[in-house]
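Enquirer: Look at TrEMBL and you will find 29-84 tagged as domain 'Acetyl-coenzyme A synthetase N-terminal'. TrEMBL lists 93-477 with the feature domain 'AMP-dependent synthetase/ligase'. Summarising the annotation, TrEMBL assigns CoA binding site to 194, 195, 196, 197, 314, 533. Feature annotation from TrEMBL assigns ATP binding site to 394, 395, 396, 418, 419, 420, 421, 422, 423, 509, 525, 536. Under the heading domain 'AMP-binding enzyme C-terminal', TrEMBL lists 541-623. As annotated by TrEMBL, Mg(2+) binding site applies to 547, 553.
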Ligand code: 6R9
């Protein structure tokens, strides 16, 4: 289907949806965009005053004097946890359910706003009792739980900067992050439970700390999840519940400046080690709340469910901060979508009467497969009538998956918000607003009001609609990345490159706008970053992990290839320190290498395909021909000119994937 044909298929929100939405109709959307265009600072200041509670009101809005190190609302003070908890209670929501937690095995625990505040305060006091104070970093390595959310909120309460590390990362990755942040404490659990299986968390923390370089860590606080035996180091490790039990359930919030770093979150770039994306308190929280209100249209009686893990930015913004800042009720789910069967999501929507559901295309695609093979796990076998709005995030959603989601999950009545954004942007950047924007499957449609997204060429010149180019944001916005922790230079180089005279934020994605509607479609990363099941990974990180298997590997190159379920798949081309293996031997070595990558980075980075060659295809000047590798990975017949290849014979070897 051509883009024009796709775009002719507009899905309109129903009159009822439009009538009740926070942003009601396209005129309202355009009016907000206009307001932002006419008075940019005034627009954001109004939102910041209306949505957040400030201890000291700000008098300055945007400070561009040290661009690209922008500052927002700098002289205002506030506390993120006060905004998410106390003020809801002050507004009479103390007995309202804040979190409905469903464990892997199906047990349900609920906490009200008052209970969540009490827990948060006890955790905050526990941290304080260990000497953790404002500006300290705390690494949180925990699975989805009320404790995880409370631990993040507790850090925010005392002005400590949290850095959550996804529970699927290896000891090595965890160590790297602990070292880079200089964390003074780690909060973890004994185990996590996924798909019926307990997996170590504390054991991995022990291993990470044992690898060295984490000398700043004084304490490890452990949440009891399974109660199975773990090692506790005398004087360093403490059970969080024991320490918290004797603490008061109130804790005066630490009022911090709007620019105070709320959190660091590591993400992959095209070069080097993962970067610690630093977010602010005021600007970040504003966009978390505003997008939850406008994009998700969150209302008092909604049950909101974002299926992301708190180890990713989506879990930060749309579990820990956005919905709580608005006093919403949300689901926190520990398990996986396919356990005990692939109907789990649909059953949970039915059981908890979920009204807003936000998930990733990769989950949808795998559930489509399962549903088509088995009626019992098809959405039609569940009562999903509570749903009123659906969302998608993490990667482009292909039109076929969009249509299936719309029809089978949303009953053809729920708008789908296909939200484009990044760890660095803090919240939604390009997305439909459910009661306004006509939807087109596969397009994230139009910029959020106040976001100056544009498509330019290599020199920074605007490209006309209908022509692809580089996605940039022309003006700073409140929830943008402030810097890369400890590396201002890398921040400037990565996001404000000289190519655009340092003026535009470079997203790292390619995009195209439809000639008629001006709608954006994201065409994928333009750097060496892969997106596998919505998880970002640098090809260089995986290459380094492979070559760190020094007894076996001489050289490695990693590229992505399209995959029906995971969006993209990791393909590794490996030269061993011995002749290229074939058959069973190749299979065995491939397994060994996968396990090695799993240990170095985490299971999510394990290559799906491994191809062995006695060499890699290189130009005569010695450059690896990555474009050729991508073609081989896709299984395409090679049409590229290979005459400049140093060693054309290896193309045959690389034809076989293990
Ligand atoms: C929130 C999140 C960011 C990268 C981004 C882009 C891709 C995210 C998308 C999308 C197309 C969407 N991406 N949402 N592509 N349509 N709706 O995912 O953050 O993990 O930092 O990934 O994901 O390539 O640059 P993060």
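Quick reminder: no glycine exception, Cβ is built from N, Cα and C everywhere.
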Enquirer: Whole-number Å only: compute the distance from the Cα of residue 533 (CoA binding site) to the Cα of residue 394 (ATP binding site).
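Expert: Pair distance, Cα basis, whole Å: 8 Å.
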Enquirer: Can you tell me which of 195, 196, 396, our binding-site residues, come within under 6 Å of ligand 1 at the Cβ?
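Expert: The qualifying binding-site residues are 396.
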Enquirer: Per DSSP, residue 394 (ATP binding site) is which: helix, strand or coil?
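Expert: It is coil.
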Enquirer: By the DSSP assignment reduced to helix, strand and coil, which category contains residue 421 (ATP binding site)?
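Expert: It is coil.
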Enquirer: Around the C-beta of residue 525 (ATP binding site), how many further C-beta atoms are within 10 angstroms, looking at every protein chain?
Expert: 18
Enquirer: Can you give me the Cα-Cα distance between residue 525 (ATP binding site) and residue 197 (CoA binding site) in Å, rounded to a whole number?
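Expert: That separation, Cα to Cα, works out to 34 Å.
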Enquirer: If one measures from the C-alpha of residue 553 (Mg(2+) binding site) to the C-alpha of residue 423 (ATP binding site), what distance in angstrom results, rounded to a whole number?
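Expert: Rounded to the nearest whole number, the Cα-Cα distance is 33 Å.
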Enquirer: Please report the distance from the Cα of residue 394 (ATP binding site) to the Cα of residue 194 (CoA binding site), rounded to the nearest angstrom.
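Expert: About 21 Å separates the two Cα atoms.
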Enquirer: Any idea what the Cα distance is from residue 194 (CoA binding site) over to residue 396 (ATP binding site), rounded to a whole Å?
Expert: 26
Enquirer: Where residue 419 (ATP binding site) and residue 197 (CoA binding site) are concerned, what is their Cα separation in Å, rounded?
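Expert: Pair distance, Cα basis, whole Å: 32 Å.
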Enquirer: Looking only at DSSP and grouping its letters into three states, which state does residue 525 (ATP binding site) belong to?
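Expert: For residue 525 (ATP binding site) - judged by DSSP and reduced to three states - the answer is strand.
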Enquirer: State the mean pLDDT for the domain 'AMP-dependent synthetase/ligase' (93-477).
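Expert: Mean pLDDT, the domain 'AMP-dependent synthetase/ligase' (93-477): 97.
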Enquirer: Check the Cα distances from residue 421 (ATP binding site) to each of the binding-site residues 195, 196, 197, 314, 547 and keep only the ones within 10 Å.
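Expert: So the list reads 314.
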Enquirer: Count the Cβ atoms, other than its own, that fall within 10 Å of the Cβ of residue 533 (CoA binding site), considering every protein chain shown.
Expert: 19
